[in-house]
Amino acid sequence: MPLGQRPGDKSDSRYCGVEVLDFPAGEGLPAVLSHSLASAFDFILAPLVDPNYRPAPGAVLPVSASDLVLGPAQWSNHVVGKISEWIDLDAEDERLRLDSELALKQEIAWASHVSLQACVLPAPRRSFCGNYASVVNQILQGLTNMHLWLRLPLEKSEPMDGDLDKIKNNNHTSEIVDSWELWNSFRLLCDHSSQLCVALDISSTLPSINSLGRWFGEPVKAAILQTNAFLTNSRGYPCLSKRHQRLLTGFFNHSVQVIISGRSNLNVFPASGVLSGDESYTEDSPVRHALTPYVEYIACLYQRMDPLPEQERFEINYRDFLQSPLQPLMDNLEAQTYETFEKDVVKYTQYRRAVAKALVDRVADDAVSTTRTVLMVVGAGRGPLVRASLQAAEETGRKLKVYAVEKNPNAVITLHSLIKLEGWESLVTVISSDMRCWDAPEKADILVSELLGSFGDNELSPECLDGAQRFLKPDGISIPSSYTSFIQPITASKLHNDIKAHKDIAHFETAYVVKLHRIATLAPPQQVFTFTHPNFSPNASNQRYTKLQFEMLPDMGSCLVHGFAGYFDSVLYKDVHLGIEPNTATPNMFSWFPIFFPLRKPIYVPEGSPIEVHFWRCCTPTKVWYEWAVTTPTPSPIHNSNGRSYWVGL
């Protein structure tokens, strides 16, 4: 039974599991499963094979239940396999190492046979895990649908104050453990396999907030919450610290399932049942699970979360979905694309405010009756900016003459229909032309455009407005008046694997528009390129180059950079702005998702090391493209050299 109903949330985080600690002898797994499902759990994490088993010639694998006792649907939907914990593939003892390899392959083969969706691999026993990763990598090559979850303790990445003295006195550093380092080594050895994921063991102590944040960019599938992580409230029921609650809320928002593990530490009711070790339990006994209070508390946490906002529900299917940016000059947009953008009320409200302020500044109150302002909407589409401008004129009591310039002949048809429908024939003139080629009959007081892309200039706003500003008066106003792009390094394991699936360099040298979700931001955003309009400089060039150095967040530990998230912020006019840069983002606006610049090979950044990146905006008469490269801590190739993989056509 799901933890509860949260409007808009259809993710796996609604389901909670329980770990079966003891091997259910005598094919007792069906009773364990039945008891757990009847006690509000949705699935079990259960051992597949008797832990006392060791491979021997002719031996039959002693499984916890055959596929005759549990049907395929039960195995697939309600059981996650737990691989035997005695397995040690990096042991010095050769016999143990060989037995471990054989047993692991046998257990995975059995799990595949009964159609399990996932198996949990035991945590590596030591910091070097090369042979373990090698065997797992071999297994991954043969899997089709099943995922392997590597179990790791969520341990702190720095010693506490009390541990520092202990380390100095004992002259060792065994207390300084960072489980992310172990995960990173393992997944690199397995070549970032998309079927290798993480299950994190959560105990009573947690690392720093920044250290925890790294995991949101990793393929964490389960949070195994130990009962010793819980506190006990005044009524004797389990509860979690505020830090644990915030962590679980973050996991819920990232589709991570909770699994309760451990023995009950409570005395709120007599524990009975298979999982509590009660030998008097029978099928006829009242179903009461020893860990029921824990799952009830987790359900309460889940149900207390705010419903997903309407905008998030609209965008949920776009999360981490890679899209190629628009080519607005080369391609004509379809009606459905126009309609989606036109629904962004917030964006056009900001434009209306900007135009209103510009009109008031342009025309004094005592000249309202005698002055008509010429406003040109360049790239008018189906008319939303025309409407916003006329609304601004009505609000301010200013007279307006509008030219709506649009190159898409299909959108021009819609524009004519809109003007006739609204009765704007005397106010609006439609021009079916590319703004860069049109000869205007008069100069404009105000030039309005919505040519911004997710990176500000990536849909060729500078080139278009440079071509259009020739029909703007010398003291004319451009809306927007400026825009700046931003980038920040991120961990984005899912995006990397999705691009890697194409098996070519070109996709790693393409910038993607994407609703970023399962990512970890590693440093605050920094400015990249700025463009200002109008720009009447005779030597103006839209080529740009910049070098940026990012200092990683403090107390975070080492990290892996899969690429750079890009944003923009725009000044429409004076104090009216529009943008998606996280620190200043316009609320409730959905016209733009961030842009993602991937790295062909992810960059490992040791703790305390900065990352230095170079960005170029390159131009020729026919196209514009970006190039990017990392030089610190290790150099990367220059991506997209000469626009060989990705460019925007002029």
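Positions of Cβ are set from backbone N, Cα and C atoms, glycine also.
Listed in sequence order, Lys347, Tyr351, Gly379, Gly381, Leu385 are the same-chain residues at least 6 apart in sequence whose CB falls under 8 Å from the CB of Glu450 (active site, proton donor/acceptor). If you look up TrEMBL, you'll see Glu450 (among others) marked as active site, proton donor/acceptor.
Summarising the annotation, TrEMBL assigns active site, proton donor/acceptor to Glu459 (among others). In sequence order, Pro325, Leu326, Pro328, Leu451, Leu452, Gly453, Val648 constitute the residues six or more apart from Glu459 (active site, proton donor/acceptor) in its chain with CB-CB distances below 8 Å.
The S-adenosyl-L-methionine binding site annotation in TrEMBL covers Tyr338, Lys347, Tyr348, Glu406, Asp434, Met435.
TrEMBL lists 41-304 with the feature domain 'PRMT5 TIM barrel'.
The domain 'PRMT5 arginine-N-methyltransferase' annotation in TrEMBL covers 310-479.
Residues or ranges marked as domain 'PRMT5 oligomerisation' in TrEMBL: 482-648.
Contacts of Met435 (S-adenosyl-L-methionine binding site) defined by a Cβ separation under 8 A and a same-chain sequence distance of 6+ are given as Val378, Gly379, Val405, Lys407, Cys464, Gly467, Ala468, in order along the sequence. When other Cβ atoms within 10 Å of the Cβ of Asp434 (S-adenosyl-L-methionine binding site) are tallied across all protein chains shown, the result is 17.
Its Cβ taken as reference, Glu406 (S-adenosyl-L-methionine binding site) is surrounded by 25 other Cβ atoms within 10 Å in the chains shown.
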